[in-house]
Amino acid sequence: MPHSVLARLPPGSVRLVAAFGLLLLVSLLVLHRRPGRPHVAAAAASDRLTDPSRSRLFLSQSPGANASIAADLRALTAGPHLAGTPASAGAAAHVLARLRAAGLQTLTREYEPLLSYPGHASLALLRPDGSLLARLSLEEPADEGRRVVPPYHAYAPSGGAVAEAVFVNLGREEDYVVLERLGVGVRGRVAVARRGGGYRGGVVARAADKGAVAVLIAGNADGGVERGVVLLGGPGDPLTPGWAATSGAERLKFDDKAVKQRFPSIPSMPVSAKTAAAIIRSLGGPAIPAEWKDGLGVDTGGLGPGPTLVNFTYQEDRKFYKIRDIFGIIKGQEEPDRYVILGNHRDAWTYGAVDPNSGTAALLDIARRLGIMLQSGWKPRRSIILCSWDGEEFGMIGSTEWVEDNLEDLHSKAVAYLNVDCAVQGVGFFAGSTPQLDKLLVDITRQVRDPDVTGKMVHDTWNEMSGGIKIERLARTDSDFAPFLHHAGIPSVDLYYGEEFPGYHTALDTYNWMEKHGDPFFLRHLAITEIWGLLALRLANDPVLPFDYQAYTSQLQEHIKTLSALTSNGHAVNLMNGCVNDLSGAAMEVLKEMKKLQQMDLYDEHARMRRRLLNDRLLLAERSFLQPEGLQGRGWFKHLLYSPPEDYESKLSFFPGIADAISRSANLSDKEQEVAMQHEVWKVCRAIQRAASVLRGEFSEQKPTNFSSLVTP
C-alpha cells in the first residue's frame with residue numbers, strides 16, 4: 001500500500017477532490033494503462049479464485065476458530081486496559097504481534113490527545129442543618145478486586161455542590177415537563193437521573209440548561225456503574241477539531257469558544273443504583289410517578305427537592321497521553337489505491353470482554369484467515385486495511401484523528417468502512433449500514449450458519465426475529481464508524497450480536513461473563529467473524545463494486561414520508577421527492593451499466609477501464625452528501641443525510657440539518673417554521689442532485705432540473 005494512506009494531508013474541498021480524482025483517473029488510464037501482459041497477469045492473480053471459491057476458502061477455516069477467538073479474548077481481557085495506561089500498551093502489543101504472525105504488513109500511528117481521568121471524589125447526605133447524615137459510596141460494588149478505574153465521567157469538570165437534590169427520572173425534556181407540572185424545579189439543585197435517557201452528555205447538558213448545579217446518573221441494580229464520556233459536539237480530540245492531534249500539533253486554548261462549547265458546564269458522576277436509592281429515599285416533595293420507579297429498587301421517598309442536602313465534590317485530572325492506532329495491511333494486486341477498511345477499537349473502560357474486545361478477537365481471526373489465503377497464492381483486487389483503534393472510549397479519538405490525518409486520501413480512495421465494536425453482547429443479529437450496502441449485507445447473511453438455531457442461516461433468524469429484515473441507519477455517534485461516515489462520507493457498516501448488555505462500561509464486562517452468559521461456545525463470535533470477513537472479501541474482490549443506489553433512493557423516499565408526517569411544509573416534501581426521483585433515475589442507469597460490464601470479458605482492457613470509472617462513481621457518490629462547511633453550528637458533522645441531530649431527543653434520525661431547524665423553531669408559527677426549514681431542505685436537495693450527477697459521471701450543470709414548479713404555491 002502507498003505510504004500516503006497514513007500521511008498527514010491538508011484539508012480541501014470534497015467536490016474538488018472528486019472532480020480532480022476522476023480527471024486524473026481518466027488521464028492515467030488512457031495515457032499509461034495500455035493493454036499488456038503485466039496487467040492481465042495482475043488481474044488473473046486477483047481473480048484466480050472466484051467469489052464462491054474465495055468464500056469457501058475463508059469459511060473453511062471456521063472449524064476450531066472459536067477456540068482461537070476465545071484464546072485471544074482471554075489474553076486481551078486479563079486486566080483493565082483504559083486508553084493512555086501501560087496496560088493499554090500491552091493490549092496494543094498483543095494485536096500487533098497477532099497481525100504480524102498472520103503475515104500482514106503492519107503500521108503504527110501515534111497521536112497525543114487530551115484525555116481525562118478521575119482524581120478525588122466524594123458524596124455525602126447532609127441534614128437540613130448541614131450536619132452529616134451518611135457518607136455514600138462512589139465505588140462499584142461489582143469491582144471486588146478494585147483493579148479498574150473508579151466510575152467517572154470523562155471530561156466532566158472539577159467542581160462541587162452542597163444543594164438539595166431532585167429526582168429527574170431519565171433526564172429527558174418530557175421528564176422536566178412532568179416536574180414543572182408538579183411544581184418541582186431543578187435550578188440550583190443536584191439532578192439525580194437513572195440510566196436510559198440517551199447520551200449521558202446530553203442528559204448532563206439538559207440538566208445544566210434547566211439550572212442544575214451537578215448531575216448524578218444511576219446505574220442498573222446489578223451492581224455495575226456505567227462509566228462514559230460527556231463531551232459534546234462530536235468525536236475526536238477536543239483541542240484539535242478537524243485536524244490530527246499529532247505531537248506538536250496546533251491546539252486550541254481551553255478558553256476558545258469552540259472548545260468551551262464541547263465541555264459540560266457542571267460536574268457529573270455515575271453512581272450505583274444503591275447510592276441513588278439512598279438519595280431518593282431521603283427526598284420529600286411530590287410522589288414519584290409509578291412509571292419512574294422501574295429498576296430503582298425504592299418504595300419510599302419523593303421527587304424532592306430536599307429536605308436533605310447532597311454534598312458532592314469531584315476533581316478531574318486532564319493530561320495529554322499517547323494513543324496508538326495499529327494497522328494490518330494487505331496490498332491490492334490490481335487496485336492497490338482502493339481501500340476496504342475494517343475497524344474495531346481496542347481500549348476499554350474496564351476488562352472489555354464485550355466492549356470492545358469481542359470485536360478485537362474477531363478482527364484477529366479475520367487476519368489469521370486472510371493470512372492463510374495469502375499463503376495459498378490469493379491476493380485481493382483492492383487493498384484491505386485492518387484497523388485497531390485506541391482512545392475510542394474517550395470519544396472515538398483514535399479513529400477520528402486518523403480520519404482527519406488522512407482525509408484527502410480517504411475521500412478519493414476509500415471504498416467502505418466495516419465496523420465491529422461490541423461483536424457479541426447477547427442473542428440475535430443486528431446491523432446498521434448506509435443503504436447502498438444493504439443488499440450485499442443481506443446476501444452475505446445467507447452464507448453464514450446461525451450460531452443459535454441448527455439448520456438455519458443468519459438471514460433466516462434475522463428475518464424471523466425482526467418480523468422482516470431491519471437495518472439501522474448510522475446517525476448515532478457511539479462507535480468508530482462516526483468519523484468515516486459523518487465527516488468523510490465513506491459508506492459504512494456496523495455489526496453486532498445482542499441488543500443490550502447489562503454490564504456495559506462496568507466492571508462486569510469480563511471474560512467470565514462472556515464464557516458463562518454472553519457466548520459460552522463462542523459461536524456468535526464465529527458468525528460475526530464470517531459476516532464481517534465475507535463483506536470485506538466481496539468489496540475487495542468484486543470487479544464491479546456491489547453498491548445498490550436503488551436501495552438508497554427507496555430509503556430516502558421512506559425518510560420523506562416520515563418527514564411529511566412531522567411537518568405541514570408540503571412544498572419542501574414535493575421538492576425533496578423531485579430530487580430523489582432524479583437520483584432514482586441515475587441509480588437505474590448505473591444498474592444497467594453494471595449488468596453490461598458484468599457480461600464483458602474480465603481481462604479486456606477497455607472493460608477494465610470502464611469498470612474502474614464506474615467504481616469511482618459508485619464510491620464517490622456517498623461523498624456528494626457532504627456539506628463542506630458542515631452543519632449549522634456543528635461544522636465537524638458534514639453528512640446531510642446521516643449525522644446526529646443536535647437535539648438527541650429529536651424524532652428524526654436522518655436529515656440532521658432539517659431536524660435541527662425543526663427543533664430550533666419549535667416555538668415559532670407554522671410560517672416561521674417553514675422559513676427555517678426551507679434552506680436546510682434545499683441543502684439536502686442539492687446534495688441528492690450532486691449524487692445523481694456523480695453516478696451519471698457528468699457535471700451537475702449539464703442537465704439542470706427545473707424544480708421551481710414544485711415549490712410554487
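Just so it is clear, glycine is given a Cβ too, placed from its N, Cα and C backbone atoms.
So that you can see what the record holds, here are the features copied from Swiss-Prot:
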ACT_SITE  Glu392  active site, nucleophile
BINDING   His345, Asp355, Asp421  Zn(2+) 1 binding site
BINDING   Asp355, Glu393, His505  Zn(2+) 2 binding site
CARBOHYD  Asn66  N-linked glycosylation site
CARBOHYD  Asn311  N-linked glycosylation site
CARBOHYD  Asn667  N-linked glycosylation site
CARBOHYD  Asn706  N-linked glycosylation site
REGION    245-539  region 'Catalytic'
TOPO_DOM  1-10  topological domain 'Cytoplasmic'
TOPO_DOM  32-713  topological domain 'Extracellular'
TRANSMEM  11-31  transmembrane segment
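Counting only same-chain residues at least 6 apart in sequence, those with a Cβ under 8 Å from the Cβ of Asn311 (N-linked glycosylation site) are Ser122, Leu123, Ala124, Leu125, Leu126, Gly160, Ala161, Val162. It is 41 Å from the Cα atom of Asn667 (N-linked glycosylation site) to that of His345 (Zn(2+) 1 binding site). This prediction places the mean pLDDT of the topological domain 'Cytoplasmic' (1-10) at 37. Only His345, of the recorded positions Asn66, His345, Asp421, have a C-alpha within 10 angstroms of the C-alpha of Glu393 (Zn(2+) 2 binding site). Residues within less than 8 Å, Cβ to Cβ, of Asn66 (N-linked glycosylation site) and separated from it by at least 6 positions along the same chain comprise Phe521, Phe522, Leu523, His525, Leu526. All protein chains included, Asn667 (N-linked glycosylation site) registers 7 other Cβ atoms within 10 Å of its own Cβ.
Taking the mean position of the Cβ atoms of His345, Asp355, Asp421 as the Zn(2+) 1 site, the remaining same-chain residues with a Cβ inside 8 Å of that point are Asn344, Ala348, Gly352, Pro356, Gly359, Glu392, Glu393, Cys422, Ser479, Asp480.
Residue pair His505 (Zn(2+) 2 binding site) / Asp355 (Zn(2+) 1 binding site) shows a Cα separation of 7 Å. The DSSP secondary structure for Asn667 (N-linked glycosylation site) is coil. The two recorded residues, Glu392 (active site, nucleophile) and Asp355 (Zn(2+) 1 binding site), have Cα atoms 10 Å apart. Neighbours of the Zn(2+) 2 site: apart from Asp355, Glu393, His505, residues of the same chain with C-beta atoms within 8 angstroms of the site's C-beta centroid are Arg227, Gly228, Ala348, Trp349, Thr350, Gly352, Pro356, Tyr504, Asp509. Sparsest Cβ environment among the binding-site residues His345, His505 (other Cβ atoms counted within 10 Å): His505. Local packing around the Cβ, expressed as the count of other Cβ atoms within 10 angstroms, is greatest for Glu392 among the recorded positions Glu392, Glu393. Looking only at other Cβ atoms within 10 Å, the busiest spot among the binding-site residues Asp355, Asp421 turns out to be Asp355.
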